[in-house]
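Beneath this line is the structure, given in structure tokens, with notes to follow.
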Amino acid sequence: MNSWFANISVNLKLGLGFGLVLVLTGLLALTGWTSLGSLIDRSNWMGDIGQLNKDLTDLRIARLQYMIANGDDTAAANTLAKLDAFSKQQAYLATTFKSPENVKLLGELGDTISAYKLSLNKMRQGYDATRAARVSMDSSAIRADQAMDALSQEVMARPEADSVRLAQYQLISKARQQLLQVRIDVRGYIAENSSANEQAALRQLDAALADTDNLKRQLPSEDARLQQFENAVLAYRDAVRQFRDAVANITTSRAEMTVQGADIVKRSDALYQIQLERRDIESTQARSLQAIATLLALLVGVLAAVLITRQITRPLQDTLVAVEKIASGDLTQHMRVTRRDELGVLQQGIARMGTTLRELISGIRDGVTQIASAAEELSAVTEQTSAGANSQKVETDQVATAMHEMAATVQEVARNAEQASHAATGADDEARAGDRVVGEAIGQIERLAEDMHRSTEAMNLLQQESQKIGSVMDVIKSVAEQTNLLALNAAIEAARAGEAGRGFAVVADEVRGLAQRTQKSTEEIEELIASLQHGTQQVANAMQGSRALTDSSVELARKAGSSLESITSTVSSIQSMNQQIAAAAEQQSAVAEEISRSILNVRDVSEQTAAASDETAASSVELARLGGQLQTLVSQFRV
């Protein structure tokens with residue numbers, strides 16, 4: 001196993017080591033990702049449960065509002081809507097959770113919601129029954145009043161000489177007072193559903209029925225009318241009892257809903273507490289798993305680092321010893337290499353390098369003698385070459401000086417033409433920039449003109465709408481005047497009614513006061529609308545003048561744009577001619593510089609040739625000296 005690992009490549013060794021670390025790191029990341037996903041899911045579930053609790057709170061508030069509103073249809077619809085929202089959230093949670101404990105709680109919660117809905121429907125039926133009972137009481141009271149009115153008219157129509165006429169009328173008035181007291185007691189019972197109020201209302205009804213029996217004895221001729229009155233009072237009593245039963249049903253439903261609501265809250269809190277406990281358990285598991293995976297990754301990483309380091313550093317140390325021996329001149333060693341990885345290939349290369357160096361040193365010894373004899377011959381030839389190169393250098397310097405002066409003159413012309421071209425280009429750019437600015441100004445002014453036109457139309461529309469508001473205010477003013485008259489008439493009628501109409505008179509005075517304040521506010525609004533219409537007209541006139549000035553500005557900007565276009569065209573022509581002049585001068589300058597460079601190159605070559613000849617002569621002497629030194633150095637190697 002160790003031999004196999006030693007023979008695989010360093011890339012593969014490092015790849016295996018880092019690969020194991022990366023795999024464990026990936027597993028660690030996967031573990032963290034999975035744990036994080038579980039926590040996120042748990043948080044989402046807790047959020048859903050929080051939404052369920054919010055829906056429950058909304059439902060309980062809606063139920064209280066429904067009870068405060070005494071069974072109002074709008075409040076009932078709102079309560080049903082909140083109950084449906086709560087039920088839908090519960091059904092959604094039932095499809096989301098898979099744990100048996102959660103599913104059981106959600107199932108129990110669903111059953112409680114169904115029972116809660118039944119109780120709510122019973123309460124609605126109770127409120128519907130109370131409304132029906134009140135309608136029945138009102139209709140029965142109206143029939144009883146009508147019977148008493150007809151009976152009173154018949155009694156009052158009798159001759160004044162009738163001795164029993166006054167006594168019969170007093171009995172009828174007493175029965176009417178009894179009926180009025182019954183209605184007052186029933187209203188008190190409706191306002192406060194207490195047993196005492198209920199018994200008081202029923203006792204008063206029984207008293208009214210007893211007076212009816214007395215009337216039957218006193219007025220046997222009016223038995224039909226009295227029977228109608230008695231039937232109406234009996235129906236009124238039945239309606240009161242229906243109201244009592246409906247109130248009892250409402251009270252029972254309220255108690256049931258209170259218990260069911262508390263049960264829903266308890267189960268919802270239990271469901272939320274379960275999620276908290278599961279979250280804590282999953283957090284602990286995630287931390288433990290992360291710690292184990294981290295320790296395992298660190299352990300494997302350390303082991304891989306130690307093993308790979310030993311497989312790489314030991315052969316490197318052996319190779320370093322061999323290289324140091326070669327550096328010290330000892331070429332007698334022979335390395336034995338068995339590894340087949342990159343380090344083995346390196347050791348084999350160093351072994352071949354030692355063999356090659358031995359052969360090289362042996363060859364150098366033989367070549368040093370030949371170099372010494374060749375150096376003497378080279379020195380003689382170099383002296384002749386140096387004399388000819390010095391003569392050529394003098395002639396080339398004279399030609400180079402003349403060409404340099406001509407090139408300087410041509411470059412001056414080219415610079416002047418180029419400066420003129422740059423100036424024309426700058427003028428052309430400025431003219432084009434001015435043209436663009438004018439174009440943008442024209443566009444801005446045209447858009448301003450369009451905005452002014454739209455603003456004028458908007459002001460006209462505002463003026464029309466303010467006129468419509470004026471007509472609406474006339475209607476409101478007329479309605480306020482009519483309300484004032486109606487309130488005045490109601491106050492007069494209430495005054496005629498005396499003590500019984502005092503409360504109605506107070507209400508009529510309040511309505512009249514409201515109508516007068518409405519009329520006064522309407523007049524103030526009319527004044528504001530008139531001021532608004534006047535200001536709107538002034539703004540519209542001013543915007544018409546601004547629109548005319550804007551159109552004139554657009555025309556002037558267009559003329560300025562045309563002038564800038566002409567200037568731009570002229571500057572472009574000047575720029576084109578300057579560019580042609582500059583191009584011609586640059587071509588002449590380039591030709592002159594090319595000739596000058598060629599002559600300078602010739603001169604440089606001559607100088608280099610002369611210098612090379614001198615150096616060659618010196619090198620020949622030096623070469624002979626180096627040959628001796630080389631023989632001395634080669635003798636240091638042991639082969």
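Placed from the backbone N, Cα and C atoms, the Cβ positions cover glycine too.
For the succinate site, Swiss-Prot lists Arg60, Ile61, Ala62, Arg63, Leu64, Gln65; matching the candidates Arg254, Arg267, Arg278 against that entry yields Arg254.
Per Swiss-Prot, the candidate among Asp138, Asp149, Asp269, Asp280 that belongs to the acetate site alongside Arg183, Arg187, Tyr236 is Asp138. Of all residue pairs in Asp138, Arg183, Arg187, Tyr236, the annotated binders of acetate, the farthest apart have Cα atoms separated by 13 Å. Taking the C-alpha atom of Arg63 ((S)-malate binding site) as reference, the shortest distance to any of the binding-site residues Asp138, Arg183, Arg187, Tyr236 belongs to Arg187. With Arg60, Ile61, Ala62, Arg63, Leu64, Gln65, Arg254, Thr258 listed as the residues that bind (S)-malate, the site has a largest C-alpha separation of 14 Å. Within 10 Å of the C-beta of Arg183 (acetate binding site) we count 18 further C-beta atoms, all protein chains included. Spatially close to Tyr236 (acetate binding site) yet at least six residues away along the chain are Ser136, Met137, Ser140, Ala141, Ala144, Val182, Val186, Leu205, judged by Cβ distances under 8 angstroms. Rounded to a whole value, the Cα-Cα separation of Thr258 ((S)-malate binding site) and Asp138 (acetate binding site) is 33 Å.
Looking only at the binding-site residues Asp138, Arg183, Arg187, the one with its C-alpha closest to Arg254 ((S)-malate binding site) is Arg187.
Other C-beta atoms found within 10 angstroms of the C-beta of Asp138 (acetate binding site) number 13, with every protein chain shown included. In this view, the densest Cβ surroundings among the binding-site residues Arg60, Arg63, Arg187, Arg254 belong to Arg63, judged by other Cβ atoms lying within 10 Å.
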